[in-house]
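Novice: Below is the structure I would like to discuss, written out as structure tokens.
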Amino acid sequence: MNLLNDIRILLTRWSTAFVLLGVLAVAMAGATLIEAGMNLQAARGIIYNAWWFDLLLLLLCVNFMLIGRRLNLWSRRRRGALLLHYGFVVILAGAFITHMWGEEGYMHIREGETARRMMTPDRKVQTLPFSVTLNRFTLHRYHGSQSPSSYESDVTIRYRDDVSHRKIYMNNIARVGGYRLYQSSYDPDEQGTILSVNHDPVGTAVSYAGYFLLIAGLIVALCQKGSRFRTLYAKLGKATLVVLFAGSSVVAVAAARPATPGGIAPETAERFGRLLLQSSDGRIEPVDSYASEILRKLYHRDSYGNLNANQVLAGILTDRQTWGREPILYIGQNPLPEEACFPDKYVSFDAMFDDRGDYRLKKQVETIYAKPPAHRTKPEQTLLKLDEKVNILYALLNGQMFPIFPVAGSQRWISPGDDRTEADTVLTPRLFAAFRNALTQTDPQAAGRALDAIRQYQQARTPSLQPLRIEAEILYNRADIFRISFRAYLILGGILLVTALRGMFGKNKRRATLAARVVSIAIFIVFALHTFGLGLRSYISGHAPWTNAYESMVYVAWATVLSGIVFARRSKLALALAALLGGVVLFVSNLNWLDPQITPLVPVLKSYWLMIHVSVITASYGFFGICAACGIASLIATIAGKNLAELRIINEMAMLVGLVLLTTGIFFGAVWANESWGRYWGWDPKETWALITMIVYAVTTHLHFIPRLNTNPLVFDVMSVVGFSTVLMTFFGVNYYLSGLHSYGKSEGFSPEIVLAAGAGVLVLVAVAAVRYHKNKKTS
């Protein structure tokens, strides 16, 4: 009995909850690494489906229930905390039901055939209580592209005495007899479909109920009288500040510009940029957008010397001899294989060929392509990128990869250098000549008339074009809103940081406080400009502006500044840190490894549940970013021998808001996954790391329940900084270094050296702050 009583007492402690949650987070992180190195089945066998993992979840359920009972939450009217704790228990109960009794598999059906059996994940055949006949499979593509826009299965379902005709496509499921059918994939010949089958009515309902209780508990706990958030808000106006920083500066480094050849007149370049073009994914866009994408791809900059992107592209298309000699191909800092080294960071197209006209990289490229991608070295990957740029420039120099002429009776557009057999035999030859003459004319008016004739031809052949949207895209390109915003955020954030502190501690507090208000208003104006840029991009693309890495970064910056605005009335310091952090995030988004081009959505992303999920969960990252900034500022203050109570209060309040948003976003993500994939939780690395992030911040917000930790503010500061690493892993690491369903936009990510350097910097800061804190504690 004594042993059982000791176990019961142990399970009622907060420290036990922290240990169990820590073990759970480490185990899940290890599982994602196992999946990346091996496969999901290995991760499931070693961790997710292991007996000890189930035991760990069971102990957490018992622990949460006993803590709720010990704290007597119901009689103390702490109903938010009660709902939160028991909501987590209900979610785990739903997951257990799904694990034990849920059924899933897939059906492969050819057109005209009927199926009534599914194949389970363990390769067993299971008979279903209904049959499905595929009447027709249809694959829709984006205009002029081979990229799928949507695909659907027209089926007839027979269940008992009922016969129904359904259309199943991504995010539109069919329900029959407690089973749900999802459009999963299709045959290469487009004559057959693959449907996912899921049967888990009880487990899904229980899990959804648990999510609802969890979110309701978080919201009630955030808003109810006497809650931790309300208590912190009341303390915020009474906190005392001590000076932390003496100033701030922004340093700009100018890059040397190359000597450049002459280009077409600026007026001609303006009209040239207004021509329309069909991109490789079928989107109709202005040449202005395409030219910018090409120059960033080849040269990794927005201009070439004193020439803008339109002038560069026009020159490449019309002056092969000059632009073949220009060093416009960016190699970068990464080393190339020894046999393919070039002395500079940039190389010309002509330099890629020897005196006999043979391609210098031919043998090396063929050898590298023969290797599996996982076995290619970093220099070899750099060489392949250079080879890609050479091929793009070769196509452009020959008038290809520039489809500006719509083909009659087709959704396809062709380039000046393409096969003209499909083109209009009367008008197109004249337009080809007019196009070339327009770009070589010295008279801007004559060139303008020729370009206008091409534009009229485009509009006549494609009456569905929306001129207002095209003009909006040109405005978006020219305004460069996000570049202006990040510079303004950095400058205004630095000024506000200084003026806010001087207003609190300087001699002329009134003047400094007035200046802080003026700068705050300026930040609000920049935020409005930032918001306008997001709305404009959304209007141009036709979907919410957070569907790829670049857009998500811009949105995270927006959410970060918004989090500072939320606390601006109580603390100008919070707004200053938010503006600085938002500026840094926007600056990172403008780096070359993030691709800002506007693209259509892949089919699975066309869901309003996804839009809600991404917007809410990404907004939480902005609040967690504020937490990291406040934590770093508090650590620096500790090193300086000061105590910054207000920042810690803002830190915890922002963390609570971020935790509510993150949890809500995970719930909406589960709904989206259930509507798109047929399961609300599948241990995908992205969702797993989102759960790890939630655990880390949940533990951090409960540190005050441990007396020894509550009296040591350094622990909370460190956790708010270290915890942000899980956000970075969720946002970047999964997309760039792990595999999974969320790796839609893979591209170059952060190098390991940058990650290690940042981690080392944080460790040094924490170590110095810890030493200083204990030294101050002994002397006080």
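Each Cβ is built from the backbone N, Cα and C atoms, and glycine gets one as well.
Pasting the feature list from TrEMBL:
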type: DOMAIN; residues: 77-189; note: domain 'ResB-like'
type: DOMAIN; residues: 546-742; note: domain 'Cytochrome c assembly protein'
type: TRANSMEM; residues: 12-34; note: transmembrane segment
type: TRANSMEM; residues: 46-68; note: transmembrane segment
type: TRANSMEM; residues: 80-101; note: transmembrane segment
type: TRANSMEM; residues: 205-224; note: transmembrane segment
type: TRANSMEM; residues: 236-256; note: transmembrane segment
type: TRANSMEM; residues: 486-505; note: transmembrane segment
type: TRANSMEM; residues: 552-568; note: transmembrane segment
type: TRANSMEM; residues: 575-594; note: transmembrane segment
type: TRANSMEM; residues: 614-641; note: transmembrane segment
type: TRANSMEM; residues: 653-673; note: transmembrane segment
type: TRANSMEM; residues: 714-734; note: transmembrane segment
type: TRANSMEM; residues: 754-773; note: transmembrane segment
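Just tell me what is around each of these and how deep it sits.
Specialist: Sequence-remote contacts of a segment are chain residues at least 6 beyond its ends whose Cβ falls under 8 Å from one of its Cβ atoms, and for the transmembrane segment (12-34) they are 42-43, 46-48, 53, 56-57, 59-60, 63-64, 66-67, 69-70, 683, 685, 688-689, 691-692, 695-696, 698-699, 702, 705-706, 734, 738.
Listed by sequence, the residues of this chain that lie at least six past the ends of the transmembrane segment (80-101) yet keep a Cβ under 8 A from its Cβ atoms are 54, 57, 60-61, 64-65, 67-68, 71, 73-74, 200, 202-224, 227, 681.
For the transmembrane segment (552-568), the residues of the chain that approach it from at least six positions outside its boundaries are 482, 485-486, 489, 520, 523-524, 527, 530-531, 533-534, 537, 545-546, 574-579, 581-583, 585-586, 588-589, 594, 614-615, 618-623, 625-626, 650, 653-654, 657-658, 731, judged by C-beta separation under 8 angstroms.
For the transmembrane segment (614-641), same-chain residues at least 6 beyond its ends with a Cβ under 8 Å from one of its own Cβ atoms are 242, 244, 544, 546-547, 552, 555-564, 574, 577-578, 580-582, 585, 647-648, 650-651, 654-655, 657-662, 664-666, 668-669, 690, 693, 697, 713-714, 716-721, 723-724, 727, 731, 765-766, 768-769, 772-773, 776.
Only residues 6 or more beyond the boundaries of the transmembrane segment (653-673), in the same chain, are considered here, and those with a CB under 8 A from a CB of the stretch are 207-208, 211-212, 214-215, 218-219, 222, 228-229, 232-233, 236, 563, 566-567, 574, 607, 609-610, 612-614, 616-624, 626-627, 630, 679-682, 684, 687, 690-691, 693-694, 697-698, 700-701, 720.
Note on the transmembrane segment (714-734): residues 32, 552, 556, 621, 624-625, 627-628, 630-632, 634-635, 638, 648, 651-652, 655, 685-686, 689-690, 692-693, 696-697, 699-700, 703, 740, 742-743, 749-750, 759, 762, 765-766, 769-770, 773 of its chain, located 6 or more positions outside it, place their CB under 8 angstroms from a CB of the stretch.
Away from its own ends, the transmembrane segment (754-773) comes close to residues 632, 635-636, 638-639, 641, 712, 714, 717-718, 721-722, 725 of its chain (Cβ-Cβ under 8 Å, at least six residues beyond either end).
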Novice: What does DSSP give as the helix, strand and coil breakdown of the domain 'ResB-like' (77-189)?
Specialist: 23 helix, 63 strand, 27 coil
